[in-house]
Amino acid sequence: MKTIIALSYIFCLVLGQDFPGNDNSTATLCLGHHAVPNGTLVKTITNDQIEVTNATELVQSSSTGKICNNPHRILDGIDCTLIDALLGDPHCDGFQNETWDLFVERSKAFSNCYPYDVPDYASLRSLVASSGTLEFISEGFTWTGVTQNGGSNACKRGPDSGFFSRLNWLYKSGSTYPVLNVTMPNNDNFDKLYIWGVHHPSTDQEQTSLYVQASGRVTVSTKRSQQTIIPNIGSRPWVRGLSSRISIYWTIVKPGDILVINSNGNLIAPRGYFKMRTGKSSIMRSDAPIGTCISECITPNGSIPNDKPFQNVNKITYGACPKYVKQNTLKLATGMRNVPEKQTRGLFGAIAGFIENGWEGMIDGWYGFRHQNSEGTGQAADLKSTQAAIDQINGKLNRVIEKTNEKFHQIEKEFSEVEGRIQDLEKYVEDTKIDLWSYNAELLVALENQHTIDLTDSEMNKLFEKTRRQLRENAEDMGNGCFKIYHKCDNACIGSIRNGTYDHDVYRDEALNNRFQIKGVELKSGYKDWILWISFAISCFLLCVVLLGFIMWACQKGNIRCNICI
């Protein structure tokens, strides 16, 4: 019984132990940083996955689904290709003299006139698209001895046979087709684009019935170039009831140069010229609808915001667009390293500093203080260190965007079948560029993330060192981001430490005196729980021993009888 009384006395002493923060003559001050229950994983140079409190996605992975009509002027081709609009296909007459920043060709576009081919289709399409206009000026060509304005039932304009409005089909007059030799100087100060063609009859009979001569020839020259085309007579696959074809060619006449056209048959003559302009207009194949909205960047999938530095929506873009990369996601850290707060801290609910874990619920700052003193507990943010970190992180996203946003458009690359090797080379170059940019993007983000985490850790350490220098020997570093203050420190005192007005000398004597009065052995908080549980276990064991001894004594005296049956 004496043993039990002694153990109970020890247990009470343990419970009455003077723990840090419970003594009115001391206080505990901890420094910590913001934490969230579920952070975001980012990549750094040294770590493939590190959790931070906040991060911003840098890759735009979706479009609006529509092409915005502002600030770029969008011209919807509807059912016309750009070349059909250029030639003057009857169903494309509405595009005459139109202008655009971006011409949108649709998959449903079709030709509805005389069947033709353009040997250098991609180059002509690109040239006209970049000019951004179909402005056409008629000129007074003189074609003597031939019939003009030929037409075909395959190219009806209303109920009548027609032809391309920008071309003039010449054929024999009576039974003659004289040699034509026409010149047209360029006396203006801009480039002129002339579109002309050569007719390829399907039979020799068709050739002579239209042009008299068994074989025609067309030569178009300038001071810088010359093209001579001999018609290829022969049947071709039937298109819109015709097995003959027209080949479309084009010539650019510079200022001061002269256009010379010579032919003895098969000439599809120009009616004038297109005024060429230099600019950044372009063309794009897309079936996305055109909507009333604002977006600087357009892809075939639709417009996309350009508030992110990277995108993986489409390689083809127009406008000021994010750089295309292969990655679906790249996250830029805009917060500090995240260490979620431990939910339980032993029997006494002790507070802990940044070395052990972060603090959840700090909504007014990234860094702050928690304290325990005679007036209770409290928490406050340190706005100065928070602002110092935010100021350095702010603008990081904008700087990355400035480094990566393209101020030009990436157009479609088209090549004819005979340029297959060039197309393969172009594809290889483009794929290599994308690989390099994807690698550079990942490296850039990893470097920025490393800098952000190091920066926020540095600000935490600066705040801790600033507090240490204020307290000096008036407090002891507890090794977990906390200080044990050896003098009475009420809320006003704690506030002076936070705002940097703490006077070390005022509390020096009291702190030194309290240090010497501390008990010889101060149990660390980690061992208190162990001692309590061990004391409790020993007490229970001794109680069981006493109870068992009492039962055996009672049985021996006959007060209790125990029968064991087998």
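Yeah, the Cβs are placed from backbone N, Cα and C, and that goes for glycine too.
Swiss-Prot lists a disulfide bond between C80 and one candidate from C68, C92; that candidate is C92.
Of the listed cysteines (C68, C493, C540), only C68 is recorded by Swiss-Prot as the disulfide partner of C293. If you go by Swiss-Prot, C321 shares a disulfide bond with C297, out of C297, C482. Cross-referencing C30, C113 with Swiss-Prot gives C113 as the cysteine bonded to C155, criterion being a recorded disulfide. Under the three-state DSSP scheme, C555 (S-palmitoyl cysteine) falls in the helix class.
Around N181 (N-linked glycosylation site), the same-chain residues at least 6 positions away in sequence with a Cβ under 8 Å from its Cβ are V260, I261, N262.
As a whole-number mean, the pLDDT of the topological domain 'Cytoplasmic' (552-566) in this prediction is 64. Taken residue by residue with DSSP, C321 (disulfide bond) is part of a strand. Annotation for N38 (N-linked glycosylation site): spatial neighbours P340, criterion Cβ-Cβ under 8 Å with sequence separation of six or more. Fewest Cβ neighbours within 10 Å among the recorded positions C68, C489, C555: that distinction goes to C555. Under the three-state DSSP scheme, N97 (N-linked glycosylation site) falls in the coil class.
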